[in-house]
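Here's what TrEMBL has on this protein:
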{"type": "BINDING", "residues": "171, 173, 176, 184", "note": "Zn(2+) 1 binding site"}
{"type": "BINDING", "residues": "176, 212, 218, 222", "note": "Zn(2+) 3 binding site"}
{"type": "BINDING", "residues": "244, 245, 246, 313, 314, 355, 391", "note": "S-adenosyl-L-methionine binding site"}
{"type": "BINDING", "residues": "316, 390, 392, 397", "note": "Zn(2+) 4 binding site"}
{"type": "DOMAIN", "residues": "50-81", "note": "domain 'Chromo'"}
{"type": "DOMAIN", "residues": "169-230", "note": "domain 'Pre-SET'"}
{"type": "DOMAIN", "residues": "233-356", "note": "domain 'SET'"}
{"type": "DOMAIN", "residues": "386-402", "note": "domain 'Post-SET'"}
């Protein structure tokens with residue numbers, strides 16, 4: 001068997017076979033491995049050997065390979081990075097020891113398998129997205145993999161007995177921003193135009209946004225088509241290191257008042273939301289968002305169906321603001337929920353919004369909106385019975401979400 005070393009030269013670690021896969025086939029000399037996590041072994045002759053699991057072959061057919069046979073430098077570096085990080089976490093030496101502790105070796109194998117699972121999940125998310133912005137996934141904190149039973153969707157999933165009525169008419173504008181005919185779509189609903197020429201929202205929080213729809217004369221580049229174009233920023237789902245689970249951060253600068261993402265999930269009735277809420281309460285978390293723009297009839301549940309907004313955490317000092325948006329469905333009981341940046345958000349910053357956000361009453365002459373408008377709570381809804389401790393850590397923290 002190629003790559004074999006004498007029995008006396010092996011350092012057997014029991015439960016720590018590495019996970020390493022070959023792009024081509026099992027055979028010599030065509031060994032160009034695609035590795036998930038090699039386990040370094042240092043025999044007496046001071047040469048590093050790695051136990052290699054080959055793609056398409058069981059672990060029983062793994063082979064020992066010297067360092068020079070492993071051509072994937074990037075993944076080797078990632079393995080040693082994982083090793084050093086775990087050694088530091090355990091307060092041991094930062095350099096790999098001659099003999100790996102079995103528990104450490106086992107951790108590295110699990111880390112390799114987790115990294116592979118997250119890579120596959122990232123690929124799946126990007127295959128399903130219909131927006132420009134790419135999604136990356138990172139977990140440098142623990143061994144948690146992709147969430148179970150979560151399905152990525154790009155728009156509302158309508159529940160049983162609920163109908164989204166399609167708009168019947170559209171605008172006839174030649175230039176919706178500078179020469180709107182009859183006030184364009186916002187004017188037809190007695191509301192104001194929402195955006196400036198850069199696509200940034202210029203309405204105060206609480207005012208509804210009416211975008212041009214599929215029956216409008218204007219084209220895709222119309223300045224009144226923003227939310228419907230989807231996420232345009234590259235975002236990262238990452239594991240937080242302070243016990244808040246998954247979070248989302250931006251990988252590029254987002255200007256103030258720019259659209260960031262929608263909140264999507266299953267649309268269900270308030271009665272069904274109450275039933276699910278009781279179950280979620282017992283589980284300690286929920287993703288119910290009440291659509292209470294005019295009346296509390298429907299709720300969005302993103303527990304099992306949703307987009308990247310499913311992973312956005314709460315903050316008492318958030319950088320995202322929620323707006324109600326109407327496009328192809330003008331039923332005021334069923335708005336689309338859009339997040340806009342409250343300030344400039346720099347690359348690397350986590351995206352957050354206030355799960356218990358309240359919007360101040362607005363001038364009733366400037367909008368038809370209910371003066372008691374308030375955003376539903378996420379996780380949970382105003383019906384939620386469990387008081388949840390806040391972990392946002394900001395100076396303005398209220399200590400509890402609800």
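A Cβ is built for glycine as well, from the same backbone N, Cα and C atoms used for every other residue.
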Residues within 8 Å of the 176, 212, 218, 222 Cβ centre (excluding the Zn(2+) 3 site residues themselves): 171, 173, 184, 185, 216, 217, 219, 223, 224, 225
Other parts of the chain folded back onto the domain 'Post-SET' (386-402), taken as Cβ under 8 Å at six or more residues beyond its ends: 242-244, 281, 284, 313-317, 352, 355-356, 377, 379-380
Winner by Cβ contact number (other Cβ atoms within 10 Å) across the binding-site residues 171, 390: 171
DSSP helix/strand/coil residue counts for the domain 'Post-SET' (386-402): 0 helix, 2 strand, 15 coil
Integer Å distance between the CA atoms belonging to residue 392 (Zn(2+) 4 binding site) and residue 355 (S-adenosyl-L-methionine binding site): 11
Residues flanking the S-adenosyl-L-methionine site, with Cβ no more than 8 Å from the Cβ centroid of 244, 245, 246, 313, 314, 355, 391 and excluding those residues themselves: 240, 247, 352, 392
Cβ-centroid neighbourhood (8 Å) of the Zn(2+) 1 site, 171, 173, 176, 184 excluded: 172, 175, 180, 181, 182, 183, 185, 212, 216, 217, 218, 222, 224
Residues flanking the Zn(2+) 4 site, with Cβ no more than 8 Å from the Cβ centroid of 316, 390, 392, 397 and excluding those residues themselves: 314, 315, 317, 391, 393, 394, 396, 398, 399, 401
Counts by DSSP class (helix H/G/I, strand E/B, coil) across the domain 'Pre-SET' (169-230): 11 helix, 6 strand, 45 coil
Spatial neighbours of residue 313 (S-adenosyl-L-methionine binding site) that are distant in sequence (at least 6 apart) but have CB under 8 A: 240, 244, 245, 247, 248, 350, 352, 392
Taken over the domain 'Chromo' (50-81), the model's mean pLDDT: 73
